[in-house]
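Per TrEMBL, the feature repeat 'PPR' maps to 1-33, 102-136, 203-237, 304-338, 405-439, 440-474, 475-509, 576-610, 611-646.
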Amino acid sequence: NSYLHRITSLCKNGQLREAVGLLTTMESYNFRPGAGIYGELLEGCSLERAFSTGRQIHARILKSGQSIASNDFVGTKLVTFYSKCDALEVAIRLFTRMETRTVFSWAAIIALLCRLGSNEDALLCLCQMLNDGLFPDNFILPNAFKACAALHLIGFAKGVHGYALKMGFARCVFVGSSLVDVYGKCDRPEDARKVFDHMPERNTVTWNSMILGYVWNGLSEEAMHLFCDMRLEGVDQTKVTLSSLLSASANLGALQEGRQAHALTVLHGLEFDNVLGSSIINFYGKVGLLEDAELVFTSMLEKDVVTWNLLISAYVQNGEFQKALNLCHLMRSENMRFDSVTLTSILSTSAATENLNLGKEGHCYCIRNKLESDVAVASSAISMYAKCKRIRSAVQVFKSTTQRDLVLWNSLLAAYADFSLSGEALKLFYEMQLDGATPNVVSYNSVISAFLRNGQVNEAKYMFSQMQSLDVVPNLITWTTLISGLTQNGFASDAILIFLQMLQAGIQPNIVSIVSALSACTSLALLQYGRTIHGYITRRGICLSIPVATSLVDMYAKCGCIYQAKNVFDLVVDKELPVYNATISGYASHGLAVEALSLFKHMEDVGIQPDDITFTCILSACNHAGLVSEGLELLGDMVSKHGVKPGLEHYGCIVSMLSKSGNLDKAYELLQTMPYKPDAHILVALLASCKEKHEIEFGEYLREHLLQMEPDNSGNYIALSNLYATAGMWDAVTKVRNIMKEKGLHKNPGCSWIQIGQELNVFAAGDVSHPKTEEILATLALLGMEMQFMGYGPMVY
């Protein structure tokens, strides 16, 4: 008893070597140690994870005889020791040999299986234990919940929860904390909170599990609120607590809260180890504070591959691609091996910069280091080759990857969409289903995008309706893709209807969807819908960003509300070039050349450099107003003052302006000297001026070039016919009309429309079907008489 007491005391105090020495002394005095002494020594080895010493004790037990070796107490201690030292094979062998298995031996084996990731086996052991008539205690249940969380087995977890309630273990803080953890990791945060709220006692682990559960399920705001409650209750925060808070701050982009978490780590004197340091780097990287992330990185004494990857990823996400590559070189110089995450960042950098050589180097590294089968790497390689315009290489990577997950299928679908390969995308879409991969919303988005990029609007609409019928809920990207694609394909009215459906579905539009919807309103001159969208932007407090403001200005200007366009322009605090261009263009289309020139001068004064679009707008304003000298001066300033090379559209404005003012010779001279071949628009403008000035010979010259350029454009023949009619050359008029008949060409009637209330009124040239035609014609006649009385004559452009 004296030896047993002394050995027990030494083992508990961590003096294992002295305890073993005392055992040797016993044996030298011919004292035969009993099961209790061996049990205490094995317990000490378990606590110290002293594998070598424990094996020596095991050898002495075997030498001591069958009575000790077969003792249930010693057998349990041996199983516990080998389990604590992660010696699975030995622990299982000893466990299976035991005649009588205790709760403690089952606990040791289940804990070992969970620790080594054999979670299914751990749960099978739990079931077998129950079948053997033994009841799991509050030490086994936490491991069972841990296995359920790893396997995402919510049903099994609920069954074990029921057992815990029945046996009275639910009040145990260890069991309760494990329950909170499993419900959080099985996407049941509401159930986790119920358990949390009903716990009579909570420790730091409990609070950490609940906070982590919220972060895990994307409920970052709730995680922050719970952290505040945790501090109010005076519960100590650990590295896990602050790491979770930093993750929540990163997810929300909450700069102040994340900085406070960083401050708390310093205040509590917590070391910036790999876990905590990596969390801080991740936070600063996601909020774009790269210098702060770099400071934390350099202050860490030990860095694992995760730490390096986080900073590299932060550089990539913030567009600092060269810094990302430099850090990769530094990582290699410190003998750190790239893993799949590092390679994913390198391939993402290659895709963003369209650097094919770098992408190939990264891909070759993957192949040499047997990482090419990793689905994340393969997906990044597919995206890289697609961005670098190597679709065949992307397909080859896909075909060479045997283990394909949904992300991999979606990567190739997205690549096909980028190349407008709708046929290949649709084929792959059905192929993935035959392979057992169920398409998700990302899959449908890519196919819809491919159809719209290829102009297949009906097919895109069908795919959209099909996904809804299969209960695949469209997300913001789905709606935005559809609205943008319909607008670009000329289906503006459909785009507006889809935009309204999106609002009814409770989806808040982003900048792209708002701009696309406004563009649709602009193309149809649907002022009422445009105002509705503007009202939505104002009510929701959506930031009047430059793209949104530019679209609003353009919409109001093209819908006839130039002063409303000016009001929007004035509301923009930090004005940039696009919004100036839209406003100048609006002034030009409304004939307000003086206002356009004034705004152009103001833009120069505030230091905003005009581009080629600006000069197209301002020259168009001069063209409409007949400001020849101002237009010529602007053309000269383009190169000399602003360094902008004039394009064909700029020369076209000047040619049109000169010809309208009667300077056909100068217009023709510019036509001959400009560094571009004239297009049909310029020649038609000259032809119209020839009609006004009765320049038949010059018109004949232009006719030859125009009909060679666009032989099947009916508008060119109509312009030529009008020229001959003005000169009274009716035979030539008849000849032109006959040529049109022979070619089967017809003049498309002019069309305009206006929306009054909910009614869209459409007018076509020569159409008298409108119910108020007589009233409209009478009003036009009165306006014509008033114009003549005031001395105004008609102007033809």
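Each Cβ is built from the backbone N, Cα and C atoms, and glycine gets one as well.
What TrEMBL says about a protein is an automatic prediction, not a curated fact.
Residues 577, 580-581, 584-585, 587-589, 591-594, 596-597, 600, 603, 653-654, 656-658, 660-661, 663, 674 of the same chain lie 6+ residues outside the repeat 'PPR' (611-646) yet bring a C-beta within less than 8 angstroms of a C-beta in it. Helix, strand and coil residue tallies for the repeat 'PPR' (304-338), in that order: 26 helix, 0 strand, 9 coil [DSSP]. Counting residue by residue with DSSP, the repeat 'PPR' (203-237) contains 26 helix, 0 strand, 9 coil. Long-range contacts of the repeat 'PPR' (576-610) within the same chain: residues 546-547, 549-551, 553-554, 556-558, 562, 565-566, 569, 617-618, 620-622, 624-625, 627, 630, 642, 644, each at least 6 residues beyond the stretch ends and with a Cβ under 8 Å from a Cβ of the stretch. With a threshold of 8 Å between CB atoms, the same-chain residues lying at least 6 positions outside the repeat 'PPR' (1-33) that come near it are 40-41, 43-45, 47-48, 50, 53, 56-57, 60, 64. For the repeat 'PPR' (576-610), the model's average pLDDT works out to 94.
Residues 441-442, 444-445, 448-449, 451-453, 455, 457, 460-461, 464, 467, 516-517, 519-521, 523-524, 526, 529, 533, 536, 540 of the same chain lie 6+ residues outside the repeat 'PPR' (475-509) yet bring a C-beta within less than 8 angstroms of a C-beta in it. Shown for the repeat 'PPR' (475-509): DSSP residue counts in helix, strand and coil, namely 26 helix, 0 strand, 9 coil. In the repeat 'PPR' (1-33), the DSSP tally of helix, strand and coil residues is 24 helix, 0 strand, 9 coil. When the repeat 'PPR' (440-474) is classified with DSSP, helix, strand and coil residues number 26 helix, 0 strand, 9 coil.
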